[in-house]
Amino acid sequence: MRVIDVYVCEDDPKQLNQVVEYIENYLLIENLDMKVQIATGDPSEILDYLNNNEIDKSLYFIDIDLGENNINGIELASKIRKIDIEGKIVFITNHSEMVFLTFKYQIEALDFILKDYPEKIQGRIIEDINLCNKQFEMSASDNEEYFQIKTGELVRSIKVSDILFFESSPVPHKVIVHLKDGQFEFYSMIKRIEDENESFFRCHKSYVVNVDNVESVNKHTREATMIDGEKVLCSVLGTRTLVKLKK
Amino acid sequence: MVIIFIQLFMFTMYTKILIRDLRFKRVDLLFFIMNLGVTLGMTKFGQLAVIIGGLIAFLIYLLLLTKSFKVSIAIAAIIYCIEILIDHLVDIIFRIMKLDENSWILNSSILMLGIILAVGLYFFLRSDLEHNLQRDYRLSSTEMIFTSIILIIMIFLITVTEVMQENNLQNIIYNSAIILLFAIMFVVVHIARTKAINKDLELREQKARSESTNRYLIQIEQHYNELRKFRHEYQNTLLSFEEYLRTDDLEGLKKYYNTSIKPISVDLNQEKYKFEDIGRIGNKEIKGVVFNKLYAAQLDGIKVSFEAKNEIKDFYMDSLDLALAMGIIMDNAIEETRNQEHGTIQVGLIKSETEIVIIVQNSLRKNDIPVWKMKEAGFSSKGSKRGFGLKNLTEIINRNNRATLETMKLNNYFLQKITISTKG
């Protein structure tokens with residue numbers, strides 16, 4: 001197993017040293033398989049390194065306000081995201097710079113640490129190191145199947161077991177995917193989706209269902225009921241095939 | 001005999017156009033048979049009996065179709081007027097030109113005129129309805145009843161005079177003139193009314209807009225005052241610092257810092273100005289809807305926050321549509337959070353290189369209702385009203401090809417997201 005690389009970007013040298021010290025102390029005590037690869041005040045140093053080296057597992061601590069540098073921490077983080085999809089990003093910020101939704105949904109940050117409470121920073125850094133370790137371990141032992149959906153810049157990985165069905169939108173080239181906990185639209189074609197996974201079956205010209213998540217099929221009304229109770233229309237042929245598939 | 005068929009055909013045609021449902025139904029066939037029977041059966045009792053019998057049959061048909069007595073009478077009155085008008089016009093022309101009245105030319109000209117008028121009516125209604133979809137344009141009950149009564153009296157007078165005095169040319173011309181004048185009057189009144197309502201709506205919109213601007217100004221003023229206070233305090237603090245340093249009183253400085261400065265700085269951190277980022281929205285409609293909804297939510301005791309890191313000027317879709325969609329989404333969030341003890345709503349506008357993401361996230365009470373059910377029935381017990389909003393939302397998203405919608409239930413949060421692609 002390769003080590004997890006830690007990167008820190010903070011423009012204030014004093015705070016940079018502080019954060020690095022917290023991290024290195026903890027790594028030393030716990031003898032964790034991690035090392036601080038880069039600690040810098042210059043965001044381009046991290047980007048250069050990422051662009052020129054092979055990267056595996058990484059944890060980033062990024063300050064939002066990078067002072068004189070021409071990009072801020074959020075921009076740095078989204079640039080990192082493009083190179084390193086799996087990396088764990090933690091923001092270090094003060095309250096007035098908090099942009100909670102941006103951290104969570106644009107960057108998919110692991111956490112954010114508030115500078116306003118200096119006494120809590122160390123504890124939080126330790127928590128995040130542990131959380132990062134745990135998540136990487138889990139994804140290594142994870143044999144869940146994933147379905148990748150490109151929405152804008154991000155590629156979303158969705159567990160196939162969470163997918164109930166796909167529905168074509170009245171608007172051409174838009175497909176609505178229905179999940180266990182919600183639904184969203186993305187640009188694709190329903191006829192392309194069936195072949196993407198062997199659990200998917202096109203039961204109607206505008207529906208592709210995940211056969212594993214079909215609860216029951218009603219032959220008379222020609223409807224498939226999903227495990228969350230939502231009903232999906234089926235064609236004559238689709239009903240027959242789906243009944244056979246469910247046996 | 002042929003004329004009866006033509007009349008029946010025109011009755012159905014006009015009804016279909018007026019109720020704006022052109023599909024053929026079984027009721028139509030029933031009406032045909034029923035009316036044919038009535039007409040043939042009544043012939044021996046005279047013209048008046050035929051007319052009244054036909055009218056009753058027609059009313060029953062309309063009632064079956066519309067399920068509303070008021071609407072049926074109004075439609076019947078309108079159609080009878082049109083029929084009389086067509087009949088009279090053709091009649092006048094034939095008499096003046098001394099053509100043979102029983103020839104097929106008479107029937108076909110009535111049919112032709114009827115179809116031409118029907119097509120005209122269809123397009124008029126379509127354009128009229130497209131422009132005036134809002135509720136305010138609908139006729140009130142009194143208006144409808146009053147107009148219907150006028151039309152009925154007129155029809156009655158015309159029919160009776162004509163039946164009693166034989167159909168002589170002068171009468172027919174007078175009657176046609178009266179109907180024509182009435183028709184023109186109705187159209188003029190309708191146009192004038194639409195214009196007045198349009199103006200009224202515009203005024204109301206302006207008023208709402210200026211109110212929201214006022215609220216915004218008051219908020220800004222408040223912030224400004226706080227800022228001035230803060231500047232004042234800051235200057236005083238600096239002066240005290242200077243004094244401590246000048247006298248080399250380090251002990252005093254420490255004490256002063258711990259007792260006077262530290263508490264203030266904690267205060268400062270606690271309260272981020274909630275609406276500070278709204279200034280980054282470079283579009284009036286969007287700014288207005290975000291500010292107003294969040295302000296309303298705040299008044300309801302909901303904790304709100306708004307974030308936008310980047311200036312956004314162009315939203316790459318119709319801004320009125322987007323404002324409408326955001327209004328619906330934020331109403332959903334408010335509706336759900338209003339009755340929670342510690343409800344929160346977070347709104348964020350995030351711009352990246354290829355898309356603009358609008359996120360509305362609200363706290364959610366624990367429930368096992370799947371998202372599709374929440375979408376179907378709406379958020380609250382006021383199901384039907386909300387459902388309408390969500391249907392509208394889907395329509396808006398569907399007519400803007402760049403926009404996609406996401407609805408998710410995550411732990412104790414409900415997330416609604418609009419993503420607008422800015423590429424290409």
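FYI, residue positions are counted from 1 along the chain as it appears here.
For all residues, glycine too, the Cβ spot is worked out from N, Cα and C.
The feature domain 'Sensor histidine kinase NatK-like C-terminal' is assigned by TrEMBL to B:317-420. Secondary structure counts, DSSP: the domain 'Sensor histidine kinase NatK-like C-terminal' (B:317-420) has 43 helix, 33 strand, 28 coil.
Under the heading transmembrane segment, TrEMBL lists B:48-66 (among others).
Sequence annotations record features per position, and here TrEMBL assigns transmembrane segment to B:73-97 (among others).
According to TrEMBL, the feature transmembrane segment maps to B:103-125 (among others).
Packing against the transmembrane segment (B:137-160) from elsewhere in the chain are residues 48, 51, 70-71, 73-74, 77-78, 80-81, 84, 175, 178-179, 182, 186, 194, 197: each is 6 or more residues past its ends and has a CB under 8 Å from a CB in it. Among the features that TrEMBL reports, transmembrane segment is placed at B:137-160 (among others).
Summarising the annotation, TrEMBL assigns transmembrane segment to B:172-192 (among others).
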With Cβ distances under 8 Å as the criterion, find the stretch in B:48-66, B:73-97, B:172-192 that has the most pairs with the transmembrane segment (B:103-125).
-> B:73-97
PLDDT averaged over the residues of the domain 'Sensor histidine kinase NatK-like C-terminal' (B:317-420) | 83
